[in-house]
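Peer 1: Input: one structure, supplied below.
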Amino acid sequence: MTERRDNVSHAPDAIEGPNDGAHAEETSPGFFSFENLGVAQVQVVGGTLNGYVIGYVAVYLLLYLTATECKFTTEGACGGRKIYGCKWSGTTCKFENPKCSEGSDPSDSCKNEVAYTSVYSGIFACAMIVGSMVGSIIAGKCITTFGLKKSFIIVSITCTIACVVVQVAIEYNNYYALCTGRVLIGLGVGILCSVFPMYVNENAHPKLCKMDGVLFQVFTTLGIMLAAMLGLILDKTGASKEEANMAGRLHVFSAVPLGLSVAMFLVGMFLRESTATFAQDDDGKADGGMDPNEYGWGQMLWPLFMGAVTAGTLQLTGINAVMNYAPKITENLGMDPSLGNFLVMAWNFVTSLVAIPLASRFTMRQMFITCSFVASCMCLFLCGIPVFPGVAEEKVKNGVATTGIALFIAAFEFGVGSCFFVLAQDLFPPSFRPKGSSFVVMMQFIFNILINLLYPITTEAISGGATGDQDKGQAVVFILFGLIGLICFVLQFFYLYPYDANQDHENDHGTEPVERILSPVDVPTPRN
């Protein structure tokens, strides 16, 4: 058997002895101590950046719609934005395409000049996710090759370059450059989603590890809310939209992730080295630290499968459909798009805060499974069936659907989103976590791509086109979200368990790692 690190038994998911828990309780740092904040700071900056780039899509599409409507009332606002197909003619702002200016041509060629088509919107929404999927694939190799701290710096540099590309794309209204920038920032985010939770998992005190772990999702929701709040400010305040420089507002909105990327680089430069190290010699064997080749992919098939199921719960229950298309969804429910988007994201953040005290009282498994069941039921019985045309009256439908979305988001943030990145680590033994967590994160990005690309197209198609009743398509899609969530819930109820680090010694007597995992116990928390 390959030699293991001596301190593996002290990993955050290890089961403590009868006296270890009391000792840890007495000697552990406080949640707001400098020692703990020095570890948790990576969740703050990384989660906020992750959330902002997620919330970026809905706001950008809304601001871009305003920029391309050519309803500006001043020559400066209209004439200065020829890149959006607008020109000043006498006293009015018109489309450069004469057919559009006449207002009598209903052809698609004219309509497509306003905002993006559903296909272009879907591609734009999933561009970052494609990059994230690639980033998650290489994250494991990046961690074992460069270590956690250097990977942190690599992420910050990649995201900074991506933000510069986006700024250039906005200046020239280049859709393809914009998508390229989103792919690049997704590449950084894909690595980030494995590196940052792993750094906390390996370096936080055992008592605080799970509470620190859920901070990644908490600050992800904060980043999403910040994007929605800034979008509301840019859309509603200052000069009216008819007189404003919308391209300038898009530049301001896109400058925030650039600032966060630079801040991430500065944090990474002064971040202390991780206690977990991975090293290999030329023969692929460990020459120090943990051996990343200790477990093969075949030995981890069952944990990998359950990781994919948790990723399905995270993405295929529709959370990103709500996040990316919140303005359109809330508008269909009779609300102002930008205000509705902000209210959804603010509620998303507030509910995520509840996960911190819950993590000190319940296991990650208990939180994840319970909340996944509730979220799936909300999709099916409140967001889906009542919204279908003819099932309920308009006022009742809007009230029930709004309540359903609110409860769905609450259940998701209480346990599904907050526990996912912790479970992506806990499902695997420490030496396999670079590979295992990268795979799980990759799967959630694959599912994310499917949702972002197919949600607008499927909703529109089921509704009978852009002019059809959009409630029909939205209802059918949310019913599917609920059914998928319930299927995943059944699998998780019977088979989702964290890796049992306390049974490592069984391998010395011939028991294979996969056999150890089939009957594990839950990871304990300070109060459970």
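Each residue, glycine too, has its Cβ placed from N, Cα and C.
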Peer 1: With the domain names in Swiss-Prot as our guide, do SER33 and LEU301 land on the same side of the membrane?
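Peer 2: That holds: Swiss-Prot puts them on one side.
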Peer 1: Have a look at 89-110, 507-528 and point to the one annotated region 'Disordered' in Swiss-Prot.
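Peer 2: Per Swiss-Prot, the stretch marked region 'Disordered' is 507-528.
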Peer 1: Of the stretches 44-64, 176-196, 214-234, 302-322, 368-388, which racks up the most C-beta pairs under 8 Å with the transmembrane segment (251-271)?
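Peer 2: Counting Cβ pairs under 8 Å, the winner is 44-64.
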Peer 1: Which of 176-196, 339-359, 368-388, 439-459 has the most Cβ pairs closer than 8 Å to the transmembrane segment (404-424)?
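Peer 2: Between the candidates 176-196, 339-359, 368-388, 439-459, the best contact partner of the transmembrane segment (404-424) is 368-388.
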Peer 1: Under 8 angstroms for C-beta pairs, at least 3 of them, ignoring pairs fewer than 6 apart in sequence. Is the transmembrane segment (214-234) in contact with the transmembrane segment (339-359) by that rule?
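Peer 2: By the criterion, they touch.
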Peer 1: Taking 44-64, 152-172, 368-388 as candidates, which has the most Cβ pairs under 8 Å with the transmembrane segment (119-139)?
Peer 2: 44-64
